[in-house]
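Presented below is the structure to which this report refers.
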Amino acid sequence: MKGKTRENEKENDRAFKTFYKGTFIGIAQAMPGISGGSIALVVGIYERMIFAIKSINFKFVPYLFMSILNRRYLKKAKDNFLSIDFSFILPLLAGAGLAFLGTIAVIRPILDKYPAHIYSFFFGLILASAGVIYSRIGGSNSKSISFGLVGFLFAFIFVGLGENVLSHSNPIIFLSGLIATCAMILPGVSGAFILLFLGQYRYMINALLSIETYWIEVGAFAFGALLSLFLVSRPLSYALRKYRAPTMFFLTGLMTGALRLPYEKVIGAPAFLGDLPTTFAVILTGALGFFIVVFTEKTNARGVLNFSIKEIFL
């Protein structure tokens, strides 16, 4: 009985940590220039997330219908349904979803008022995290490094593109959801930035906040997003399993190349160079983001972190 209780406590603890990490991904998804995939790498759940998404399939649906004629398909339906990694997916989605909604409703005004501080913090956080991830990859060679360079150049050039304005028709919204979610899974490529680039960002934010009026548009976007998850997760999971080092170098390259956008947001903020105390505060927040990652990595290596950081963050 005690053993079962301990196992339940461990399961609840894992679910809480996944939920907690999901909140960081949700916050990032609402902010143009910050990639949810990058944050998933930062908090150490990226590969698990990709494999968990890949575990989702709907074979149990036809099995259920076939079980009407033959009962043995009922067991196949059950086995297929239970093979989905719900213990990871559900708390991750709950954390990311709640944080995303909270961000667009509450934190967006803060980002509008203090953009340089927020983007500086994420710049430092992602820069340090890229170094940590690089140190963990292993298998460094010229081929792997070339993949990293390709990822860097792709992200660096892409985030420098200007904004386009398209119509807000349902087919365009569906395609926006598909493309933005595809980008969201890739570290360094911000789904919110894709929406901004396509001219759909503010429209979809308003639609989510007024879902009772725009439920058709939100549904079209969600359908595109779900389809994208299944299309992208399978080749990515295959690449991570068969070619882990080159794939991780490519993803890390995407992270670092995309730092161009938060850097330009910081440098372009009027208050950054116009006021010395503000400039110092912005640099300090960037350093804070950087050293949070460095401190967490070093103290975790010594095994001296307490629950508040080690058990939740790593």
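Positions of Cβ are set from backbone N, Cα and C atoms, glycine also.
Because TrEMBL annotations are produced automatically, they should be read as predictions rather than curated entries.
According to TrEMBL, the protein carries these features:
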TRANSMEM  20-43  transmembrane segment
TRANSMEM  81-110  transmembrane segment
TRANSMEM  116-135  transmembrane segment
TRANSMEM  147-166  transmembrane segment
TRANSMEM  172-199  transmembrane segment
TRANSMEM  211-231  transmembrane segment
TRANSMEM  243-261  transmembrane segment
TRANSMEM  273-295  transmembrane segment
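Between the transmembrane segment (243-261) and the transmembrane segment (116-135) there are 3 or more Cβ pairs closer than 8 Å, counting only residues 6 or more apart in sequence, so the two stretches are in contact. Counted as Cβ pairs under 8 Å, contacts with the transmembrane segment (116-135) are highest for 273-295 among 81-110, 211-231, 273-295. Residues 53, 56, 168, 170-171, 173-182, 185, 204 of the same chain lie 6 or more positions beyond the ends of the transmembrane segment (211-231) yet place their CB under 8 Å from a CB of it.
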